[in-house]
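As structure tokens, the structure follows; a few thoughts come after it.
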Amino acid sequence: MTTPVNEVPEPSYPAAERRRRSDSDSSPTVDGNAYVHDESQPHDGAYAGAQYGSHLQVDTTFQDFDKTSRSPSAAREQAMRLEDDLAVLEAERVASRSTHGTEKDARSGDVHSLTRSRSRRAEDVDEFDEATNPLHEKAAVYNPPENPSTGVSKFIKRVHESSFIVRYFTYIVPLVLILLIPLLVGALAYPDASVGGVELLWFSVWLEIVWLTLWAGRIVAKLLPTPVNIFASIFTNNSKKWRDVAKQLELPVTLFLWWLGVEISFLPTMKNHHVDGNSRTRDWENTLNKIIISVFVWTILNLIEKFLLQLIAMSFHRRTYSDRIEINKFQIGSLTKLYAFSRNKIAETDEAFEEKQDKSGSGAKTPLRYAGKARGLALGALNKVGDVAGAVAADFTGRKANSSSHPSQVVIALLRTTAGCQTLARRLYRTFVREGFDTVFPGDLKEAFDDNEEAEAAFSMFDKDMNGDISMEELEAVCVEIGRERKAITASLKDLDSVVSRLGNVFEFFVAVIAIIVFLTLISTSAAGVLTSAGSSILALSWLFSATAQEFLQSVVFVFVKHPFDVGDRVTIYGNSGEAGLGDDYYVKQISLLYTEFKKMQGHIVQAPNSYLNTLFVLNQRRSGALAEAVPVVIKYGTTLEQMDALRQRLLEFVRSERREFQTNILTELRAVTENFSVTLNVVFFYKSNWQNEGLRLQRRNKFICMLMVALQEIGIEGPRMNLQGASVDIPYHIAGFPPPYQARDGPPVNDDGGQHPPHTPSSGDDQHHQPGHSPSYRRPSILRKGMVAANARARGVSISSRKHVDFSLGMRDVASNDIMGDVFEARSPAADSAVRQVIAERRIQEEEAERQSVESSRQRNSGSRTNLTVPTSTNEARHSIDSQGASSLSSISRNRFFRHRSHSHSTRQEDLMEQGRSSEQGSSSAAAIRPISPSYHPDEKKL
């Protein structure tokens, strides 16, 4: 290493006279670790060095002023970079594992494999996509066991998971063959045999009709969505909705068509094939026909009830959640594009670093490096093959498949937790913030989107305060809000589906009652009198059911008609709730048909009946816009209007400097004058958001209240008790008939006439209470700014936030984005149970893979005696081997991203020690042995 010709001299620190630092207003302030230069003082000459020698004097001739200091946001992002990258890699691993698991099942030809079914669902369906379906989906009637133990159960499970053609053929043929036995007996062996006066042959034919009509109706109902879609496309723009309705009504339509066919075929088949040739209807035929009619009426009412239930679910979904779902999907799509751009950009940086490191390699490392590259290429090729196979399987199943490296899977995985949302936000901030700036501007996002309009829409999504830039804290808050909104929509729609299910159960009960009444009316003529007497008895007991019926109707109206809140909303319930009985604030945790669960700010869970909530006023914070708050300040009587105006101007200056938090407007209102003793002044300030996020509200309110306190202290506005006797700081007692004390001054008293004239003594009537402009109390220096430094900073346009000594949010700035109090979703999902199930599932998969590999290895050893070539027996084994071999290369790339400066810092430290002459010969030799010798290095060029 050569020493440069022109060395930069070390900074010189001239000796200064030590003196105590003055607390006067002329001394500059220190904000954090930054020295605020006072431009009001001289800076050059010996006099300056002698007079102001208490300040550190540094020669800044060779200082690089273009390099800006790191902002707190950038410093926090740099400190969290390692954890963020590890979290992103974990999310990518989870997304890739779930995707490749589905693809492996698709490539093996068995989507519902037994191995996968034991661990998790065959398809990892996103809860958000599953919940945002506007229809009310009925659960499957039969769910096969996950681990069938007998051969019959395994056969039934395979049949149930096969195609509908195989299933229908398997279900239809056995019973058809059984019913064919009496048909053949009546046709061939006993032609004169009869059942109830009907020929055995035709009675068996009718039984075949009953069985085959069921499956014919099933097939017609399954094919019904296609013509419904075509017909609806002629009259509406949303034909998919009606097609999905037809899919959900498949079972009710099947039952309706089945019993329609049974009713149509029963009497003609029976009456026209009597043994005696008489076509008169028999008694049992009339009775059975009435039963069939009753069941047919039930199927009609059931079809109408299911159709109305779907209409209720769709209309409620469209009216309440459609806009929120569309906005959240756009937000997640924008985050996906931003993350994809970020990943590509960081990958390019890593590849450039890897290429730079490759230049120094030689010898035996070169083949290993190329082998690692080959493994990486093979791994990428297999990933592409898996993606193609997944796309083919998706084409057959009609589902949309994403590749294993699709950014949307990673973004969704990160949005599931608050920490993941913050990690994603810091990752995006790291990518898009420009060097030397603390915020992201609209032009920084244009590279990640296709057009400027989409980029502007995405920027407005993050720029909640509409000030033209995005800070890292704001980005974190928006990402947490997007993830929280996604979980809120999912939870709300799940609760809605549960409510619709319970409402459907109630409707089914009424349908069954109506069907029973119809059956009793048809089966007997005397049933009318029985029903009349039963109705009278029910009316006599109406007092017993009236309260329940009223509560049910009020709950239905509250949930489906009014619906004042959703899951996750912060609401204020007015009424007899709360500790004081005047109402309280809650977060909605769960909505049911008859009750709603709330979470208090303290964490308590409260349950309230919907019938009671139906009669109360409900304030919804999430549905509210930007809010204002009035802070009452009680000041002493006699405070001048100039002081009040100065207070308003000082607060206006504050809110204009904090545009990210507040609107630039302050209102003042004199509410009351109390007995010429005190004045109540209302100070109204405006937030830029609502109070849904309690942490953010506390942060902003603390900032404003602290600033209000400081402004009152600086201006000299005092409380009403300063008008009381003995309230002065200088003379804390009252003497009757003695003149009031002189006003305290910041500087020494000045007497221009040499002390010949005594100071002015006010008359007896000129009391301090009549001089509101003066304050007898001692004004302490502000914690915010001091004297000329504030004036100079204000003249330069420096924001107030840059001159703070303390955190005005009182610690709420760091927890505002978490919104711990408003998180009602962690308790809904049993995290411990899901984690245990996931670990058990992974353990099963590992055990099965190990067992399969042991079987394959033993098979290879047995075949090794016949051949010397060992070929992997399956694609999965080859894939597993390449995965295990490529893990080291992937981990090295990740390790290079985290620890790329370690060796460089070590060599730099050795070089610094050598230049300072503090390194020993051994250290120098070791450092020289470690550092590579550049081609341009010559020992003779070193200058001592």
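Backbone N, Cα and C define each Cβ position, glycine as well.
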Is Asp192 annotated in Swiss-Prot on the same side of the membrane as Asp585?
no
Near the topological domain 'Lumenal' (190-194), which same-chain residues lie under 8 Å Cβ to Cβ, leaving out any that are not at least 6 residues past its ends?
200-201, 203, 275
Other CB atoms, at most 10 A from the CB of Glu474 (Ca(2+) binding site):
22
If you count other Cβ atoms within 10 Å of each one's Cβ, which of the binding-site residues Asp463, Asp465, Asp469 has the most?
Asp463
With the transmembrane segment (291-311) as the reference, find which of 169-189, 195-215, 503-523, 527-547 contributes the most Cβ pairs under 8 Å.
503-523
Of the residues in the topological domain 'Lumenal' (190-194), how many are helix, strand and coil by DSSP?
0 helix, 1 strand, 4 coil
Cβ neighbours of Asn467 (Ca(2+) binding site) where a neighbour is any other Cβ within 10 Å:
14
Shell of the Ca(2+) site beyond Asp463, Asp465, Asn467, Asp469, Glu474, same chain only (C-beta within 8 angstroms of their C-beta centre):
Thr439, Phe462, Lys464, Met466, Gly468, Ile470, Ser471, Arg660
Counting each residue once, how many in the domain 'EF-hand' (450-485) are helix, strand and coil under DSSP?
25 helix, 1 strand, 10 coil
Cβ contacts under 8 Å made by the transmembrane segment (249-269) with residues that lie 6+ beyond its boundaries:
138, 198, 202, 205-206, 209-210, 213-214, 216-218, 220-222, 224, 281, 285, 288-289, 292-293, 295-296, 299-300, 302-303, 306-307, 310
Please compute the mean pLDDT of the model over the topological domain 'Cytoplasmic' (216-248).
87
Given a Cβ distance threshold of under 8 angstroms, which distant residues of the chain, six or more beyond its ends, lie next to the topological domain 'Lumenal' (270-290)?
192, 194, 196-199, 201-203, 206, 263, 519, 522-523
